């Protein structure tokens, strides 16, 4: 029953939306709609659906969900769906695992147990299976699932329905998908182009899809509307020109959104200043010698605006430039202006006539024609303060304007009232702050375009460029919508093939010779990128052609298809290498070599995981070490630490030099690994292999048929030479084997050699040093994954030294004095502020870019009535002055715009939306300050996991405190349940935090040490980052586990930083929190 139920559940589906998140990775016609949101029910081979999105096998999302095959076996490269879901809070639904705590999961299920949904969500787009014991994954059935579990079924293309009374049974459909009509027992497809119709007459349309127009009962193109009708883009129907009284012929005017009459059947066409047209008699256009906005031409055959100077020839047919109202004694006379338009002034002293002279630059009204004689300004400009009557642009920051501002006022104080198209508004409507959202000034042509291309700069900033131009006659070249194609093949606002020197990327063609293209690709000789940028943040898409995207961001999981082969990035990945080409249809991720946010990749490079285990180079799951940095260490059985265990073939050890897991080609005998004796090959004989290890069915090649051949790295075939990147022949091995060139820094990751910088220096993770290997060694450059501290140590993350950030030159540098923590050197790159100061992000959509530290909340200012929320020593708003607003991240925000609060009461929030948590009358986000100081995971409007690592008590983190020595912990108030330590402590083997100056077991304290970490393998002196008082020697003995030279470096640095940094570290962890 299990197989039947699951198979039927994923049998039906619809095509995924073109260009959507699922179009590439989802199998053909395997998308469904859940509450109007698209989900995938079956992925291409090598990926499975988690929360409706396809993730490659080995991803953290799959591991967290506990997705396996139906029999519980691990997934392999042929997997397309989940058979079971063992992850906490997860349930099986239509071929995928869903987390009940996510937005999508809650739309389907309200209660789970044992990997199954036990109670469906109360919703009209699905129903609960009436069977007493439904097959796994079929407790909840979509209204559109016409197969269901084989007994209880929905109706194909149905959106809402009622539960069948019994099983077997069919749901009763209430509403069908757009383009279908409800017949009760079926949804009948409407005729071509119809979005709505009657079930009795489905070929007769009652509404059309966008782009087609309803003409009687048919949907037609704009040029096919019947005579005397126009194609109305507002209603998508053919409407009569007679809607304009007297009009017989017309067209649609995009500028006005109204019809434009072109023939008035004997009457005159009158066009207003805003472009609106009407049909009028001559006496409705203008009366002789009476002022009006229009005038009659000489033969009374046209009704023109007073400022219309377009008619050549006789003066009686010509208006006056800048004229707003005018008159004629009779139609044969010349136009006499009586008043000027805005932007002109009357230089004539006569009471009945006006001579219009254009105002100075940017003036709307003026008293003279120079730029300093304005009385009011044109839209987009304001009267400059301190300058007599001069108008300057609203975005002129040098003269008091604001970046990105398009409309403003300056009644004593500058206020921005609107932003440019490529900026978004923040703050209150009477004085917006504008944040840039797109590099194209038109925002790619407005709502019809899309600014969906992301390019990462060398400094890590995200810039948004055009992927679709709203004007079909412009095209995304170098991320900007322009009319010139530069030799590329583009049409209808997108590019589909690129010329030499350019490469295709997310709908546009980019030059490899200039920005922003050269931050992604160095060479594209034939319209295909053949060399990615040296920042390694992009990878080459295997076998891509010049009409396909050939370069992709390492962390983009949506994927690129080359025919039926799909290549995806790895979420959270910073740098990567390209995946090996697929030999058949399927899905394959890039191989991640370094991750963002302090995470580390697994050995396969298919995922990024939280990896805090000391000395660990790769993690296979959050907190589970898979490989150690030192070749003489192995992870312990649980993967929680690296221990000394230099046993050939061993992958995990239970104790020092006691192996309990062996790698490929080895088997465990006692506490060591013995190489497996070869046997005849069953499946790899055609790959040049002579003898193989059965390896439980996943055969491994041990020797080659040809004695001259070499065994490949993946042990699946043989080849004539070791010619891959970083490969060399192993001179000590018999038979011949390819291995990675360790002397040049190559290590095996997955199936390929990846260059990891060698570490010849004694200082841990050091690449280059002076006096190498001697007592006075000083590190000058760290390995590529680490940063050099001011004390010549190497750390994976510079934030271990508070007030420092990791710069592009791989050195830890001090933040600006305005910041407590930062992502760069400028005062607008703060990521945390001192107590009493509050952070304002430069771009709320990209908090990783940092922001500016400013004043804390003050009551009765900036829309805040009360500042009753205190986080990290800083006051934030708890109640807003306006009843319709509530505090979002401590700042009053209109809930109607952001939709963060589900219940606003008198300026405070009492219940937050999903993705936020409630605290002191406001809603906070876990990814931004100040909320991230309090909470790391929020669900259902409440905090679930506190920033100190503990679960909340009814959503409140103030009641859960770690032991005073812990920074984060697994249990409250217990000294031996620490996860990380405060400054001045290290985490010992018992999970307690011990002062850097004290010894615990095999870990030796160092006198005078103010900041440290435990040594690799938890043996020997602590690794000291900073000494108290600048003491670099402690007498004549090297007590820090560092060389004398390194301590000398610390001494120099300590003179500079000790007084401030030691106090700063203590204050950071003990006193202030992250403000």
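Just so it is clear, glycine is given a Cβ too, placed from its N, Cα and C backbone atoms.
Annotations in TrEMBL come from automatic prediction, not curation.
What TrEMBL says about this one:
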type     : residues  : note
SIGNAL   : 1-15      : signal peptide
DOMAIN   : 142-188   : domain 'EGF-like'
DOMAIN   : 305-357   : domain 'EGF-like'
DOMAIN   : 358-392   : domain 'EGF-like'
DOMAIN   : 393-439   : domain 'EGF-like'
DOMAIN   : 644-674   : domain 'EGF-like'
DOMAIN   : 814-854   : domain 'EGF-like'
DOMAIN   : 879-924   : domain 'EGF-like'
DOMAIN   : 956-994   : domain 'EGF-like'
TRANSMEM : 1046-1070 : transmembrane segment
Going by DSSP assignments with H, G and I as helix and E and B as strand, what are the residue counts for the domain 'EGF-like' (644-674)?
0 helix, 19 strand, 12 coil
Considering only the recorded stretches 142-188, 305-357, 814-854, state which has the highest number of Cβ pairs under 8 Å to the domain 'EGF-like' (393-439).
814-854
Mean pLDDT, the domain 'EGF-like' (305-357)?
91
Long-range environment of the domain 'EGF-like' (358-392) - Cβ separation under 8 angstroms, sequence gap at least 6:
322, 342-345, 399-401, 406-410, 414
Count up the helix, strand and coil residues in the domain 'EGF-like' (956-994) according to DSSP, in that order.
0 helix, 14 strand, 25 coil
Tell me the residue counts in helix, strand and coil for the domain 'EGF-like' (393-439), as DSSP assigns them.
3 helix, 25 strand, 19 coil
Within the domain 'EGF-like' (358-392), residues counted as helix, strand or coil by DSSP:
0 helix, 14 strand, 21 coil
